[in-house]
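Participant: First the structure, then my questions, so here it is.
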């Protein structure tokens, strides 16, 4: 099963790094915009729009990355007290729900992106960014990745339920206090 799941996990890990790079780009662009605005009284609309355009890959690529690293919101005070199979049962239900919700939203978002592409949607502001469908395309991509992560979690939970052996997670980002 690892042969199937490792490439999927590598995909999520790689696109998570894209989200991280987008955070760095966002910080640099915001700092540049502040510098341009206050030092030179210049504030290009396209740079302001780029700021909020970068939020899409950060959030939509970052959500599956967060679930992969178990950095999502969890109710661990109950979960940690359960046995391995009980935890796997919860992970199975959670994975199935994540798979279903991510898949449905990704499916429903495709026509939204296609409509933006078909009409050539761009910024309504003079000097704004064109090709808004590129930003909107992160919606089905991000939720597809979330569905893939749900599939990974479901299969790992099933393996634990069958074998009784807990899955040894990758380098988790969990912070325990």
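Heads up, the Cβ atoms here are built off N, Cα and C, so glycines get one too.
Grabbed the feature section from TrEMBL, which reads as follows:
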DOMAIN    26-159  domain 'Tripartite ATP-independent periplasmic transporters DctQ component'
TRANSMEM  21-40  transmembrane segment
TRANSMEM  52-68  transmembrane segment
TRANSMEM  89-113  transmembrane segment
Participant: Residues of the same chain, at least six outside the transmembrane segment (52-68), with any C-beta under 8 angstroms of its C-beta?
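Facilitator: For the transmembrane segment (52-68), the list is 9, 12-13, 15-16, 18-19, 22-23, 25-26, 29, 98, 129, 135-136, 138-139, 141-143, 145-146, 148-150, 152-153, 170, 173.
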Participant: Taking only the residues in the domain 'Tripartite ATP-independent periplasmic transporters DctQ component' (26-159), give me the average pLDDT of this model.
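Facilitator: That stretch averages a pLDDT of 92.
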